Structures are given as C-alpha cells and as structure tokens.
C-alpha cells in the first residue's frame, strides 16, 4: 500500500503538462508496466494531509507556457501611488519645454500631461468605489446612469446589462465597456487622432499582408490567420490591415478613398477603430477635390452645380457682413452646419459628398441661395444700392456679381453683362478710368514744381 501511494505521488509530480485530457489525479499506463490496472471505478489513495497538490496551471507557469509575452499598449501608465504620478508629471513638463514649439511630439506630450494629471486626480479621491470619470489611453470615460438601454461592450463583445452592471462611455469616441474591462483596453481614443491629424487614408485598401503584422491582430496583437487558428483574420477595407474578431465586428462604412477616386459609395467592412474614426471625421471638410481628383468634376454634374452655388454664396457674403438687417436676421447661420461653405469653395467633407450622391445637397443649397439673393436684390435697399450698372451698354437692371448672366473684371471687380464684356474685349472702362486717375495724381506735383 505504501508503494501505491508513492507511485501515485510520483505520477502526479511528473504529469505531462502538454496532455490537456489528463487531470492531476489521472495517469497513463506504461506498456511494460506490470502493475495492476486502475479502473474508473477504483479510487486512488488519498494523499496525506499537508502534502502540496500539483495542478495543471501551476506546472504550466513553471514551464513558462502561461506567460504573456505581449507588451502593454503604448500610453498605459501603471503608476500606483501619488508620488510616482507627480514625478512623471514633472518629467513630462520638462520634455514639453525641451521639444520644438508646435511640433507633433510636443502636442502628444501635452496630451500625455493632461492624462497624467487626471489620473492623479483619480488617485486623490479613493472614497469612490466606482468613480464617475475614468481616464485611460486618452479616453475620458463617464459612468453611465441608464439602466434600461442595452449596449454591447467594445472590449469583450458581450451585452452590457445596465440594471446589474456598471459601464462607461468615452465622451470623445463613444467607446463603451464594462467597468471590469476598463483596465484591459488596448485601443487609444481616436478623437485625439482626429484633432491632431485630421486626414484620410486615400489609397484604396492599402494591404501589406499578414506577414508584415507577424500574423497578429493589428490592434490587440492576438494571433490570427486565414485558417488553422480559432480567431479568423478579418481585413479592414479602410486601413488594409487584418484584425481579430474582437477588434473587427464586420461593421460597414463608406470608404473615402473609393469615393474620391471611383465615386463609389458602397459600404465596406471595417474594423471597430476605423469605424469610429470615420464616424468622427464624416463632417470634417478635409477633402480638396480639385487636387485629389480634378477629373471628378467632368463626370459628376452635381459637383459642378454645387461648386457654382458655393462660389455665388462667397460673393454674397460681403453684402451680409456690411448689412445691419442681414446681421440681425442671421442669414449666414443658415449654413452653420457647413461653415466651410462660407469660407471657401474647394473643401468638402464625406457628408457633403454623400448628400451630393443622394441629391439632397443641391436642393438645400439652391433654397439657401434663393433666400440670400432675394434679400440682396429685393428686400434690402442698402444691398441693392451696392449693385452695378453695365458701363459698356449702360442699359438694363442693376447687376450683381452672382447673377448668372454677368461677368466680373478680375482686376477691379466691376460687373458687366456677359455679352457686352466678351463683345468689347478691350480694356475694362473702370480699369481705364482708374489708370488715368493714377497718372494725373503722379503728374500734378511735377506741374507745381515747374511753375
């Protein structure tokens, strides 16, 4: 009996850790072993009290098989006391002073300084079990109070039951997660990227291959492959990179590169990070279509119409700025959702192009154009007095630079009938008059000296 106990203890201590089917109390029988077989009905002798039991996970740790070799996400600060945070804040201040002014590195250092100060503020308030504000990887999480709305955790991809679980939402990128998942987050807040680098990837699906990613998810670095592993590789059509199923939920989004190059608005599958970035960027006017794809105006008639309406609105803007009635009526606020329309005629957002494609932007902009023109030409006497009379034919109604049948001199901004201007292709009358006036001003002092 003593021999059996020693044999059991020996096999428990030398269990093969790679055999997943055998527990700590089961063993394989050697082929040349003459000992009696232990059936499933037989019970193994109990170990004496006080003897340490070997378990599978402990043996795995001893062999180094359960180690986490992945580095922690960039920006994750693990300081546990106030003194370490204060020291890190002072070092960050020194780095900011040493970096060049207005450089990208200095901006990133300022963001990190804000993050450290907010983290310090959290540690100074230890009384709250679940703080209302949590700052992590540039996310600014607020505790949600809604108990009835059912959401999905962006980290563990499971349902958030607000009635029994505490959860947070980032105010910048609307990232949602359980309170227990906060410290496991590896994705930085994309709102900081939007504020610092407001630009799109304009190459269509710039794929580099799984080998360039070391066969790991581009975000969380989990092992992925096209086949052979539990986590399938899913490609993001915006970045061209591959992600695991936790970071890529097969969300659909319109790809900016396909819009500006192919006028293609079909939604494609993108990762969660790309989806949130595109959602935050959708209304930002960062696309200069004339430089990216000037031929697009030759094939999309609606873009030509929109460009003409925007040019007219820019010509109307000086009338409104100098008109008291227009300022009181706040006419320019009709375009408050598209402030770039009263600043230039070149920049577009993806939201603008989407509405051009659906035919909505042309209708709404034409309506606003009509309201603006009505104020200048009919409703306001001050604005009417700023009109022009064609100096070539001296006939017809008062002209304005945004009228469709007029032409504007590039030098003096005088307005003429289009037919009159092109039929009399000589010098502009107003330009000639201004030239004579300048010559007379230069000659008068000379005449006084001779006299």
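Using the three backbone atoms N, Cα and C, a Cβ is placed for every residue, glycine included.
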Of 86-137, 138-189, the range Swiss-Prot labels zinc finger: 138-189
Record feature phosphoserine (Swiss-Prot), assigned residue among 40, 192, 440: 440
Other CB atoms within 10 A, centred on residue 440 (phosphoserine): 9
Helix, strand and coil residues within the zinc finger (138-189) as assigned by DSSP: 6 helix, 16 strand, 30 coil
